[in-house]
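Chemist: One structure, as structure tokens, below. Some questions next.
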Amino acid sequence: MDNIEPPFSGNIHAETEVKKEEKKKMKKESVSLMGLFSAADNVDYFLMFLGGLGTCIHGGTLPLFFVFFGGMLDSLGKLSTDPNAISSRVSQNALYLVYLGLVNLVSAWIGVACWMQTGERQTARLRINYLKSILAKDITFFDTEARDSNFIFHISSDAILVQDAIGDKTGHVLRYLCQFIAGFVIGFLSVWQLTLLTLGVVPLIAIAGGGYAIVMSTISEKSEAAYADAGKVAEEVMSQVRTVYAFVGEEKAVKSYSNSLKKALKLSKRSGLAKGLGVGLTYSLLFCAWALLFWYASLLVRHGKTNGAKAFTTILNVIYSGFALGQAVPSLSAISKGRVAAANIFKMIGNNNLESSERLENGTTLQNVVGKIEFCGVSFAYPSRPNMVFENLSFTIHSGKTFAFVGPSGSGKSTIISMVQRFYEPRSGEILLDGNDIKNLKLKWLREQMGLVSQEPALFATTIASNILLGKEKANMDQIIEAAKAANADSFIKSLPNGYNTQVGEGGTQLSGGQKQRIAIARAVLRNPKILLLDEATSALDAESEKIVQQALDNVMEKRTTIVIAHRLSTIRNVDKIVVLRDGQVRETGSHSELISRGGDYATLVNCQDTEPQENLRSVMYESCRSQAGSYSSRRVFSSRRTSSFREDQEKTEKDSKGEDLISSSSMIWELIKLNAPEWLYALLGSIGAVLAGSQPALFSMGLAYVLTTFYSPFPSLIKREVDKVAIIFVGAGIVTAPIYILQHYFYTLMGERLTSRVRLSLFSAILSNEIGWFDLDENNTGSLTSILAADATLVRSAIADRLSTIVQNLSLTITALALAFFYSWRVAAVVTACFPLLIAASLTEQLFLKGFGGDYTRAYSRATSLAREAISNIRTVAAFSAEKQISEQFTCELSKPTKSALLRGHISGFGYGLSQCLAFCSYALGLWYISVLIKRNETNFEDSIKSFMVLLVTAYSVAETLALTPDIVKGTQALGSVFRVLHRETEIPPDQPNSRLVTHIKGDIEFRNVSFAYPTRPEIAIFKNLNLRVSAGKSLAVVGPSGSGKSTVIGLIMRFYDPSNGNLCIDGHDIKSVNLRSLRKKLALVQQEPALFSTSIHENIKYGNENASEAEIIEAAKAANAHEFISRMEEGYMTHVGDKGVQLSGGQKQRVAIARAVLKDPSVLLLDEATSALDTSAEKQVQEALDKLMKGRTTILVAHRLSTIRKADTIVVLHKGKVVEKGSHRELVSKSDGFYKKLTSLQEAV
């Protein structure tokens, strides 16, 4: 759009401000400019030619407009000399403007539509080729070269940068370059002297604006980093809110968050000062430049070198052409970023290893697969690690037999499966299938003979049926159902609302761990493989489901060669042969009974997993923290309580809904004003600056019009005197402009930042006052709450504080301009005001043009990006099932919708853009033609009509700028709703209830009296019905039962994460509802199955249990948890930073730090939820001994899955369907042959 914005319209700061550049995640290599378009085909070349032609013509229309505009002004100035002849000339020029507008319409339409379409087409092709190249790589690539690569960033963010460069931004550059060239050519042809002088002053304004942009970018980066630090604090606290509540860490969290916000607030003062100074200095230079140009133009006019209109429009032409070059800079920057981004994409596509892709199809196939596998002298080391995994390893797996591999962590069990699938090649030796080296076999065919079930199932964000279908592409629905039945999945699938068409969510998040595993088993079963590869396939199932699925797997394994990787030895007792690996060598082979009788490594492993073998108590993992695959976890504590897998959305509680209904927009604004009350003085001072700044453009336009009309005076001395006067006034205005803008921006920025900090801190405190049930709601997940804290709080500031500055400024401008316009010529003012909708539309579409019409690319491609992310993160599953082609086709399908919509969107955007500019040109023509009519009728004069016309042009663009803020204001108002929804909510479980009992000591008597409970997110599913349970002070109570029986819920209720719906939960005879919650939690210590650590040092994480603990006490706690030794071995010892959520520590190390934290708390009641699950056998024994000591004299509740951990408990209760079905000691319960507990121990029987 050729929006002809007046050279002083109050929004230069909007043009000169630049967005903060993204952090440089990409390498500095870039493709050539032509290389950027290397994905183009013939259709794209035609589109680019047509689009380039359109944008070039479009760029030349504005300079031509000024030629006709100047001709009309000159005719109007001379109208009194020959009214009829000159009026005809005005009409002719007006018609030329209309024709030029039509050219603008067509050229803009073609330019926008063609560039958008070709950008979409080329980038879609790049995305597809990039994903295909990644999927064609072998696993070695992902272990070595790809470790530091961010493929998803390249396929999403980098591709968007390339699309932006190829599409919108290339068109922008061509348009502005053509405008620049045409403008200066016309300028030199019109008044070359004035063009040279204008060319000299424009760079000064550009330098000032550029310097301001650089300073603001630097400050913004620092401010953004400060807010990012605060966001990290909030995200970490909310993602681990149960740990924060359990250790009464709310106050510490708020203090940490507040300290992070203070850093950002300090930067806001510099930001406001820099903005005010930058904008003010730019306008000051603009005033002075116009003063100089007026003076020189008057000199040329007086000496007959040019006329007033030509001088005036030449200045405008050259200034706008110079600014066009400046407007091209962001687009050139975007193209530069696109070239760098394209280099990352083309590097992958261009370097696509032919061997990696060809070997999928090259090689021989066997007519009949028997299934005999031989390792002959195989030596191997991972490409990413120099240590040898195997050295001269040899063994034979006979066809149709089941071989299980066991051994300690790092012995190479999973490596065997990887090498059989040919993920890796041996350094020496051979791997044979039916006597044929697998190197010589067609890789895709080889993998089609195998079915893999991994320990951690990988599902894709599509339907259950599609996930099973991955095992066999052309299978029918009956085959899918049969496979699901074999995996014990059919019954739960059919119970879902959409059955097999149920969407599983990204990564299968809508399914439980056991459900995901059964889908993965069904996928392998569907393949009907000759060779079955099972890597702890039943690890995620509860005991009852495990038994059924194991039976199904036993049936599937018949007559198939099967390799089983075993952690839980109960899963391999019936296999044909067990191979024990240690240090990369086969130490023992034989059946289960043979190996037990030998008393070797296998027997040792069995004994480590069963300290009371004569009672057949359990079968457990002897290595629960595998470095390759991560620790086994059957569930996350409490986290699955958020929703059932596929429940319908629950209505919000009546209280929340009622509270939200009461919050109207007006009341929210009023409440925000009250929240911002401490800054009323800042608002007043900022508003004074905004009013003064707003009045300047109108007065500036009056000065322009006055000088222009003065140029047509017949008296040279009058021209000199009046123009000199205006020039001096402009210089004076330039001097006072900087202080005015500093006043406006400094105080408004300070007001906004202080408001943001106050809103964020209030929000954070309010969030941490809510009960856990509130966090369980989908809308209150960590991501949503973090967004409210960051994005919504920023939107409130942006919409209310930042935008208020512009609104006040433009309101001042509008009032001033309308008053002046109607004062000088109400007729002209009425006609031009009637054209305001057209002028406003032109301005708004011009702003859209600068941003680009492509819309939110990230959102448009979200589904495709999600699919790519899943495929790449689960590359082993994709490779194992030879699903590269399926994934690529599905990815292409996901890209097709945004690609098709680009055509329609391009035409709509281009036509709307061109039409608005055409109508703007017609509006100018109408206004000037009408002035000629009025002058001819003697109803106005040239001077007054031009003043009215010029001042209203400024007003139109200020109104457009204000209207452009409407979406931001609407977003801000909506954000207020999110903010006050949290601030107004009253928690169901107050942490500091008035009149509650403060406890300084508790004995530890705990009693459940007729407790009924259902999770708030699933009120229709009762967890407990009249539960009665008691543990005496100082005694231990173990809670066992099948999945979903309510074991973890017992701990949740004791911690008062939730309240019973009926009945009472008492501690020391007092209902815990009457006890001050924070004082109660100080006497309780929780150790969860998955330890939650904070991103700080080990020392600080342990000290979280007791802020007043001494160094000696911290060390003693670590020793008690068997953590001191590994901590001391670290380079920085206790000051070692654990990383985000403890990623720098292994699972076992994290658990021991968590146990040390609980030890330091010295609690009266200890709550252990599988506290030793993440430890290896040796560490588990030591930590269990430490916990046994810690439990002495304390009331202890143990939630147990691994029954070995509870054999010493004073009392064991078995829960089933929310009720206590058995109670007694371990010996008492195992003596009941038909009891629930006995059945559980039998299911976990290892020997």
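Every residue, even glycine, has its Cβ placed from backbone N, Cα and C.
Marked as domain 'ABC transmembrane type-1 1' by Swiss-Prot: 48-337. According to Swiss-Prot, the feature transmembrane segment maps to 49-69, 95-115, 172-192, 196-216, 277-297, 315-335, 680-700, 727-747, 807-824, 830-850, 915-935, 949-969, an assignment based on sequence analysis. Marked as N-linked glycosylation site by Swiss-Prot: Asn362, Asn392, Asn780, Asn938, Asn1010, Asn1108. As annotated by Swiss-Prot, domain 'ABC transporter 1' applies to 373-608. The ATP 1 binding site annotation in Swiss-Prot covers Gly407, Pro408, Ser409, Gly410, Ser411, Gly412, Lys413, Ser414 and rests on sequence analysis. Per Swiss-Prot, domain 'ABC transporter 2' is recorded for 1006-1242, and the stated evidence type is sequence analysis. According to Swiss-Prot, the ATP 2 binding site annotation covers Gly1041, Pro1042, Ser1043, Gly1044, Ser1045, Gly1046, Lys1047, Ser1048, on the basis of sequence analysis.
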Chemist: Could you give the Cα-Cα distance between Asn1108 (N-linked glycosylation site) and Asn1010 (N-linked glycosylation site), in whole Å?
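Modeler: If we compare the Cα positions of Asn1108 (N-linked glycosylation site) and Asn1010 (N-linked glycosylation site), the gap is 39 Å.
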Chemist: With the ATP 2 site defined by Gly1041, Pro1042, Ser1043, Gly1044, Ser1045, Gly1046, Lys1047, Ser1048, which remaining residues of that chain have Cβ atoms positioned within 8 Å of the Cβ centroid?
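Modeler: Once Gly1041, Pro1042, Ser1043, Gly1044, Ser1045, Gly1046, Lys1047, Ser1048 are set aside, the remaining close residues are Thr1049, Leu1215.
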Chemist: Sorted by position, what residues of the same chain at least six away from Gly407 (ATP 1 binding site) have a C-beta under 8 A from it?
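Modeler: Result: Lys413, Val580, Leu581, Arg582, Arg587, Asp601.
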Chemist: Within a 10 Å radius around the Cβ, which one of these recorded positions has the most neighbouring Cβ atoms: Asn938, Ser1043?
Modeler: Ser1043
Chemist: Using C-alpha atoms only, work out the spacing between Ser411 (ATP 1 binding site) and Asn1010 (N-linked glycosylation site) and round it to an integer in Å.
Modeler: 51
Chemist: Does DSSP put Asn938 (N-linked glycosylation site) in a helix, in a strand, or in coil?
Modeler: coil
Chemist: DSSP three-state call for Asn1010 (N-linked glycosylation site): helix, strand or coil?
Modeler: strand
Chemist: Per DSSP, to which secondary structure element type does Lys413 (ATP 1 binding site) belong, with helix, strand and coil as the options?
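Modeler: Assignment for Lys413 (ATP 1 binding site) reads helix.
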Chemist: Nearest to Ser1043 (ATP 2 binding site) by Cα, among Gly410, Ser414, Asn1010 (recorded positions)?
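Modeler: Of all the candidates listed, Asn1010 is nearest in space.
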Chemist: Going by C-alpha distance, which of the recorded positions Asn392, Gly410, Ser414, Asn780 is nearest to Ser1048 (ATP 2 binding site)?
Modeler: Asn780
Chemist: Between Pro408 (ATP 1 binding site) and Asn392 (N-linked glycosylation site), how far is it from one CA atom to the other, in Å?
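Modeler: Pro408 (ATP 1 binding site) and Asn392 (N-linked glycosylation site) have their Cα atoms 19 Å apart.
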Chemist: How big is the Cα-to-Cα gap, in Å, between Gly1046 (ATP 2 binding site) and Asn1010 (N-linked glycosylation site)?
Modeler: 15
Chemist: Which residue among the recorded positions Ser414, Asn780, Asn1010 has the fewest other Cβ atoms within 10 Å of its Cβ, if you could check?
Modeler: Asn1010
Chemist: Neighbour count first, Cβ atoms within 10 Å, every protein chain included; then name which of Asn362, Ser411, Asn1108 tops the list of recorded positions.
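Modeler: Sorting the candidates by Cβ neighbours within 10 Å, the top entry is Ser411.
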Chemist: Taking the Cβ of Asn392 (N-linked glycosylation site) as reference, which residues of that chain separated by at least 6 in sequence fall under 8 Å from it?
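Modeler: Result: Gly377, Val378, Ser379, Gly429.
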Chemist: Helix, strand or coil for Asn780 (N-linked glycosylation site)? Use DSSP.
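Modeler: SS state of Asn780 (N-linked glycosylation site) = helix.
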Chemist: For Pro408, Gly412, Gly1046, listed as binding-site residues, tell me which one has the smallest number of other Cβ atoms within 10 Å.
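Modeler: Across Pro408, Gly412, Gly1046, these binding-site residues, the one with fewest Cβ atoms within 10 Å is Pro408.
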Chemist: Around the C-beta of Gly1044 (ATP 2 binding site), how many further C-beta atoms are within 10 angstroms, looking at every protein chain?
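Modeler: The answer is 18.
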Chemist: Find the average pLDDT over the domain 'ABC transporter 2' (1006-1242) in the predicted model and report it.
Modeler: 85
Chemist: Determine, using Cα-Cα distances only, which of these recorded positions is closest to Gly412 (ATP 1 binding site): Asn1010, Pro1042, Ser1045.
Modeler: Pro1042
Chemist: In terms of DSSP three-state secondary structure, what is the assignment for Ser1043 (ATP 2 binding site)?
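Modeler: Going by the DSSP assignment, Ser1043 (ATP 2 binding site) belongs to neither helix nor strand, so it counts as coil.
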